[in-house]
Amino acid sequence: MFWRQSVSTVMWMVQLVPQVIKSYREKSTEGLSPWLMLSWALSAPFLGVYMIAQEISIPLILQPQLFGAMSALSWTQCLYYSYHKTKIQCLSAYCIFLTFAGAFQGGFAVLARRKYENGDVWSLRTFALFSSILLSAGLLPQYWEIWKRKEVIGVSILFMIIDMLGGVFSALSLVFKETFDIFAAIPYLMVVALDALVIVLAMILNPLARRRRQRQESNEIAVEAQRPTDERDIPQRIITV
């Protein structure tokens, strides 16, 4: 079981690296919803509280920390490239998020653990449910971007694949525990399903978009070829009055 947790932790640690590198190389986050990354970043502290309070395992406790930090980093890239915020503003936003995430988990993990030990299980489960809601809600703006553009752009498919596999291994590590924790598994299962949908949409829509652009280019070439020779080759005279 530990190796599954370790594999999933490594995947969740590196999953957003392809996305961060893609945005940096292209100097653009066009097509990538900043709300996706912000929502995912905010989901991490809630899942972190649940994992810490449950004392599930070190790898699974590390996962939301790494996931939240990388999601927040990708979000600040959106602020920088798409909203033209300064580097100081982006760095400040990133540091504020990390401080908030650490303080939030440190405070609520202790409180939730005490309530759990006193028999109040739903106080703890609420954190896992909030995490699931934020994870799933975060992809809704991304689906809107996909629908609006009729293709998947700005999103690293490699990132989605690694993210999905990380969710699979995380869920499997919970399956092989003595008692299966459905509330810990829900966020991972939702990630798997939602990421898989983005990948399927990319496989369907992106080839269609390429063919659509090729047809448009062919039509433009045909229109250019049909123009009279004097319009294409003879410079237009400037008549002054």
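Positions of Cβ are set from backbone N, Cα and C atoms, glycine also.
Taking Cβ pairs closer than 8 Å, the transmembrane segment (32-53) reaches residues 19, 23, 60-61, 63-65, 67-69, 71-72, 74-75, 78-79, 82-83, 97, 100-101, 104-105, 108-110, 112-113, 116, 124-125, 127-128, 130-135, 137-139, 141-142, 144-145, 154-155, 183-184, 187 in its own chain, all 6 or more past its ends. The annotation transmembrane segment is assigned in TrEMBL to 32-53 (among others).
Taken from TrEMBL, the feature transmembrane segment covers 65-83 (among others).
What TrEMBL lists as transmembrane segment is 90-110 (among others).
The transmembrane segment feature in TrEMBL is assigned to 122-140 (among others).
Taken from TrEMBL, the feature transmembrane segment covers 152-176 (among others).
The transmembrane segment annotation in TrEMBL covers 182-205 (among others).
Under 8 Å from some Cβ of the transmembrane segment (182-205) lie the Cβ atoms of residues 43, 47, 50-51, 54, 56, 60, 125, 128-129, 131-132, 135-136, 139, 142-143, 146, 150-152, 155, 157, 160-161, 163-164, 166-168, 170-171, 174-175, all in the same chain and six or more residues away from its ends.
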